[in-house]
Structure formats: C-alpha cells, structure tokens
Amino acid sequence: MSETTNTNEEKKKPPLNGRRALPSNNSNDEENEVPEMEAFGLIPRGFNPKDYLRVVDIHMFKEPHEINKQQHHTDKYYSPKLIVRRGQPFQIQIDFNRPYKPETDQFWLEYLIGRYPQQNKGTYIPILVGHVLKPGEWGAKITHKENNSVRLSIMSSATCIVGKFRLYVAVWTPFGILRTHRNSATDTYILFNPWCQQDAVYLDDEKEREEYVLNDVGIVFHGNINDIKLRSWSYGQFEENILDACLFLMDKAELELSGRGNPIKICRVASAVINSRDDNGVIAGSWDNTYTYGVAPSAWTGSVDILLEYYSSKQPVRYGQCWVFAGVFNTFLRCLGIPARLITNYSSAHDNNANLQLDFFLDNEGKVDTKLTKDSVWNYHCWNEAWMTRPDLPVGFGGWQVVDATPQETSDGMYRCGPASVQAIKHGHVCFQFDAPFVYAEVNSDIVYQRREKNGAQVIEKIDTSHIGQLIVTKEVGSEGMMEITEEYKFQEGSQEERLALETAVMYGIKKQTTQDTMYQPQTDVDMEFQVQKAVLGSDFKVTITFRNKSRNYYTATTYLSGNIVFYTGVTKNEFKKHSFSAKLEPFSSSAFDVLIKSSEYLSDLLDQASFHFFVTARINETGKILATQKATVLEIPALRIK
C-alpha cells in the first residue's frame, strides 16, 4: 500500500522545467521537513544538545480574551490558534530549560509558509532578537525576562504574505543549529490590517472598520427600482473553519504564496475562483429556474454552509445568482481583513461586446429581436467593493474598487471582474486596469435601439441615456438602512459632466477594441494641456487649461474640471472643486483658460501630506471628439522662519 501512495505522490509533482529552480510555491497547506538538528560539520562524540539552551515551551497568548486577539481585533474568530494582523506587534513567551544569557546564548525565530520556503520570496522569515522594533518591518525584542522565561514582542511586516505560518525557535550551538520540533499549536495566521497605516488596506474610520471588516451580518437589496426588497445575509467570516476555507480558495486558484500580500492580486484571483466557470470554483450559477440536484439560489441565507461544503467536497456548490456570489465574496474579503461591502445596482447593463453601449435590435414591428440582441439589462445586479490603495495606477485611484464574482464575461481568458477603481469609473478613465469598461457599461451605458431597413441600412430609432444605473446602494454603516452611493459612480444623470465622462469612457474603452469596424479616430488637430501653478497651503492658486488648435477650423470646446483631495496613499477623500465652461478655439492659435482655486474651497477638507488630483475633460462640439487628462499635484507647506 505504501508503495502505491508513494508513486501517486510522484505523479502529482509538476515536472520541473529548465527555467525554474524550485517548483511553484502556491499552497499554504503543504509543508516541508525542517531539521531539528542542522549540523555544521562532524559532531564530536561528547556533544550533548541538552548542555545548551533548549526550548521547553512556547506560550502564544492566543485565547480570545488575551492581549493578542484583543489588540488585533481577531477575538471573534472561532479558532484555537493565534490570529494577528500584519504591521502590528504581538506577544509570545518562550520558556527555556535554564535562564537565558544574552552574552553567550543565541536564539532566533523562523516563520515558514508553504512547501518551498525562500527568504527572498517572503516565505521563509528568520527574525533575530534586537533592541527596537521598526514599524511595519519584521523584528522581535525582549520585553520581559523572568526565571527561565523571556517575553517577546514581535512585529510583522505591513506588506507580508497573508496566510498560515509555521513557527520554529532556533538555538545556535558551536556544532549546529537546534530547532524546536514541528508543533501545529504554535501556527500563526497573519491577516490584512485596516488599522495599520502602512497596510495597503488601511481605512481611517473606526465606524467603517467595524462595519466593513468586523460586521458578520449584512443586507442585500434586490427587487427593482420601483419595488426595492431586502434580504439579510449572514457573512459568518469568524465561524469555525471559515478562515481555513478562505485560504484554501487561494490554494485552489494556485496563487503564488509570494503574491498573497497584495490585495489587488487576491481580489482578482478570488473573483475567478468564487464562480465555478473554467476553474471548478465555489458556486455554480443557474438562471433558468430549474435547480435540480442543488439548492435554489434564493434558499441560501448566508455564506458559511456554501464555503464549508466547498472546503470539504472541493466541488462547486449548486446554485447561486449574483447576490450569492457577492455574499460569499464579501465573507472571503472580510475574513482576510480586506474592508468590503456588497453593492446593488438597479437597472444594471450587461454589455456583451464591450462597446460601452447596449445594442437593442428591433424587428419590423418595433419589438426587440431576441436573436440579434446579445446585450441585456438586469433589474438589479450585486457586486462587491473592496478598499485598498492602487500603487499600480496613477495617484487618486485608490479607495473603493469594484470586484465581481458573478460570471458574466471573460477577462484575460477567465470569468472574473476587477478590481476596477470606482473613481476611475466616475470620470470615465476606463483605461486603468482591471475591467473598468465593463463596469462602466453596467452603471452608465446608453441603450441604442436600432432597426434594419429593407435595404440593409441600420437606422437608430432612439437612444435612452438615463435608464441604466438608476440607483446604486449599499447597507448603511452601523445600521440596517440603505445608503445611496450612485454619486460615487457617476455624475448627476443628464448633466454635462456625466455626458463628458461617458464620452471619455467610450474613447478609452473602444481604443482597446480592435475588432470594431469603426475604429476610434481621435481629435488630432487640437491639443489640450493642463498646468497647475505652484500651490502653497492657505493661498489661492490657479490651474491653466491650454488648447492648441492646429487646424483651419473654428471650434468650441465644452470643458469640465474636477478637483479632488487625495490622501498620501493615493486614495481620494472628496471632490472640492467643480467647474464647467465653454472655450472658443480660433484657427491656428492657442487659447489659455485660467480656473482659480480659492483656499476656502480646499482648506476645510485638507489632510496632512495631502495632494490634489485634477481631471480635465473637453468635448470638441463640432466633431464630438473627447480630450481628457488627469494630473496630481502636491500642496507646498510654507516654510516657517523663526527669528
């Protein structure tokens, strides 16, 4: 029997290719053998490990009422193991066989994760005991010595991998390194930390952290715009085995362990693995009202049963629809410590061919031709927002990001969607990854009704610009009410700004689509530039928008400027300036337009180390073409001269 299992093990190992020294390290569950005695060379005959410092016991202070789980907001997790958040110190105590003598004894800690731990990948972390802890970096210091025991304060890196680490204590002897044996009781889970300023998911409002990380129940809004219904949903992110089930999802998605400190990567792979399309993920969707051999989507009341069933069976759980995918995704995000909320969009568009409009084809009688029409409008659609910085994008696009696990369209070859910056969607800057054009279309596309004439010509009957994305809502912070967030996604329906953002989105969105018969032709004979005068705290400053008309044509440009205050992390706080104007552009000439930014407009919202993020969008009215730009600028603090 043992032989057959052995060959099975052999078969499972991926073949090594010539480019990789080590097989991929993408399972938190697998382990490697760690030697308890790592000899430096030949060991002399008289060597007795018992003569040296030896670890007798390790106390993890891992009970819900003890210091670690209390300080790290992890006391709600139903788990006997230590769970801490990254970038924040925690305590352990080591009992030795005799008092520790720093002059002659040397010991250190080792945290390991996965099957092939490597220091440069962050999967093997040796920690020497020092005198000070640097914030947000791995380190340890002794806070207390008594008899044979030492008390340590340990700091984890604010960017470290999120998952379950194994702990070893290593002691140096002249002949080799002695290690503690493998003890699963000292395993330590490290999670994202929205309370830590250096963490990419830092959220600065305690009420919001309590709602978006620690609240384990929520409300899903559904029905339709004229008849809003609600159902409660139990997220259950702290229930027994749910944390392990969520870590298993990342193993299932084969996300490299070294990428698991990055919330952008985690959200993207999770949006794929929560649906069963193309990777046998958590939930199988069904929209045809036949739910044989499964549970009807409306019968689920929470995420726990679904995640635990998947964790044990490893087979897709039947069946889900959008709110089920979103409910389970919310559990996953909150469980790992990423702030998250469930969103409902009423009259949600499903743009099948990414042209940012819904094409409804009518037959001769004026009815919608269902064979030709591939785009659709859902009464409502649910997705999630996750809170994080976006260092991969220009400043200003951090904060809430749309992620959606409902399988609608493929993205880079898999059914997944996001993360897409809500701020980028509002302004139509859908060139910024991931899947922003699709999400833009869900909340703000136009419905174009077209009819084919007898001679084959397409005739546009009407364009409905206000039907899609009529209302976007989420649960209120700290109460059961409904909070409208339509304004986060789009300007007032029908306003100049909203139309300009839509046209900007179409310009950026269609550039990507090379399959279109009509390729987007940009406006090449007008340049738009944008300068910000040096902005000094407390004084007014101006921004200048310059158009260079290189043609012999006379143009007018409808122009819109939006000014936003941004945290130093790149997350937008709010819009403090809106200004629209019409610019006349003479042939073969440059025209400059100044917009004054008064200190009274920005001072009340100011943050320390803040910067400004401006969007400028212009439409050349004669051609309908869009010019768009965005730029961040830092506020200078006036120098203080003390005489």
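Note that Cβ sites are derived from N, Cα and C of the backbone, with glycine treated the same way.
Under the heading region 'Disordered', TrEMBL lists 1-33.
Residue counts for the domain 'Transglutaminase-like' (314-407) under DSSP (helix as H, G, I; strand as E, B; rest coil) come to 15 helix, 41 strand, 38 coil. Taken from TrEMBL, the feature domain 'Transglutaminase-like' covers 314-407.
Residues annotated as active site in TrEMBL: C322 (among others).
The active site annotation in TrEMBL covers H381 (among others). If you take the C-beta of H381 (active site) and look for same-chain residues 6 or more apart in sequence within under 8 angstroms, you find C322, T344, N345, S348, H350, T406, E442.
Just so you know, the Cβ of D404 (active site) picks up 31 other Cβ atoms within 10 Å once every protein chain is counted. Here TrEMBL flags D404 (among others) as active site.
If you look up TrEMBL, you'll see N444, D446, E493, E498 marked as Ca(2+) binding site. Sequence-distant neighbours of E493 (Ca(2+) binding site) (same chain, 6+ apart, CB under 8 A from its CB) are T465, S466, Q470.
Listed binding-site residues: N444, D446. The one with the lowest count of other Cβ atoms within 10 Å of its Cβ is D446.
In this view, E498 (Ca(2+) binding site) is surrounded by 19 other Cβ atoms within 10 Å of its Cβ, with every protein chain counted. Within 8 Å of the Cβ centroid of the Ca(2+) site, not counting the listed residues N444, D446, E493, E498, the chain contributes S445, T465, S466, I468, G469, K490, G494, R499, A501, L502.
The two recorded residues, D446 (Ca(2+) binding site) and D404 (active site), show a Cα separation of 21 Å. Just so you know, the Cβ of C322 (active site) picks up 25 other Cβ atoms within 10 Å once every protein chain is counted. Taking the C-alpha positions, the distance from D404 (active site) to N444 (Ca(2+) binding site) comes to 17 Å.
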